[in-house]
Amino acid sequence: MLSETLSLPSPAKLNLFLYITGRRENGYHDLQTLFQFLDHGDEMQFSANSSGLVTVSPELKGVPLESNLIWKVAQALKERTGCQLGADIHIDKILPMGGGIGGGSSNAATTLVALNHLWELNLSAEELAEIGLKLGADVPVFVQGFAAFAEGVGEQLAKVEPQEKWYLVVRPDVSIATVDIFTHPDLTRDTPKRNWELLHKTKYEKRLRKNSAFTVPRG
C-alpha cells in the first residue's frame, strides 16, 4: 500500500517479576517472567516506498543505521518474504535506551506489524514473532500485544490478565545494557521453576536488582 501512511504506538513494558532458571549453551537464559504493557511509549509512522530502501529517522546518536534494530528487523522481514518494497520509518522517541522497559524490542515488533500490513505480506502473528525472536527475546510478546506469563527465553507466552494497576516508573540518569546484566558473573541463574498458579500468588520479585547495582557506572 504505497499511498498509505500508518501511525502506531510502540508501548513500554514492565517485567513484574523475573526469575532466571538456567543458561543455554548459546548464551541465552531460560527465565520465567510476567510482562505487562504500559499506556506510555514511542509513536512510529510508516509509509511504503518502491525503491526497496528502508530509511529510519531521526538517526539514533551513536547507532549506525545497520545496527538499528528497526532497520535490522525490516531487513529480516524482506529476506524472509522476498519483498522488494522499501519503507520510510519515523519514530518519536521518548523511551530511554538501556532502561529495561523494552523500547528497542517494542520498536522492532511495531515495525514488523506495520510492514506486514503495508507490504501486504499476510504473515501471522506467530510468524512475525519467529522473525523477531532472532533479533531479541522480548520482541515476540510485543508482536502478540497482550500481557503474558513467559518462559523459555521469553518466547513461550501464555496470555494472562494481571490486575490493572498504576505504576510509578522512575528513570535514574544511568543506562545499563541488558547484555551487561545477563553476563554478570554474580547473576542468579538457578532459580527453581514454579508454575503460574504459584507464581502469581507470590510477592513479585526481580532477581536482577543486585546485578544492576553492580553494573551502574560510578562517578
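The backbone N, Cα and C atoms fix where each Cβ goes, glycine too.
Just so you know, TrEMBL annotations are computer predictions that nobody has curated.
TrEMBL has this to say about the protein:
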ACT_SITE  K13  active site
DOMAIN    68-145  domain 'GHMP kinase N-terminal'
BINDING   P96, M97, G98, G99, G100, I101, G102, G103, G104, S105, S106  ATP binding site
ACT_SITE  D138  active site
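Within the domain 'GHMP kinase N-terminal' (68-145), the DSSP-based counts of helix, strand and coil residues read 44 helix, 7 strand, 27 coil. Counting in whole angstrom, P96 (ATP binding site) lies 12 from K13 (active site) by their C-alpha atoms.
Local packing around the Cβ, expressed as the count of other Cβ atoms within 10 angstroms, is greatest for G102 among the binding-site residues G102, G104. For the pair formed by S106 (ATP binding site) and D138 (active site), distance between Cα atoms is given as 8 Å, rounded to the nearest Å. Counting only the Cα atoms, the space from G102 (ATP binding site) to D138 (active site) is about 7 angstrom. Annotated pair G104 (ATP binding site) and K13 (active site), C-alpha to C-alpha distance, rounded: 11 Å. The record gives P96, M97, G98, G99, G100, I101, G102, G103, G104, S105, S106 for ATP. Within 8 Å of the mean position of their Cβ atoms, the other Cβ atoms in that chain belong to A12, L95.
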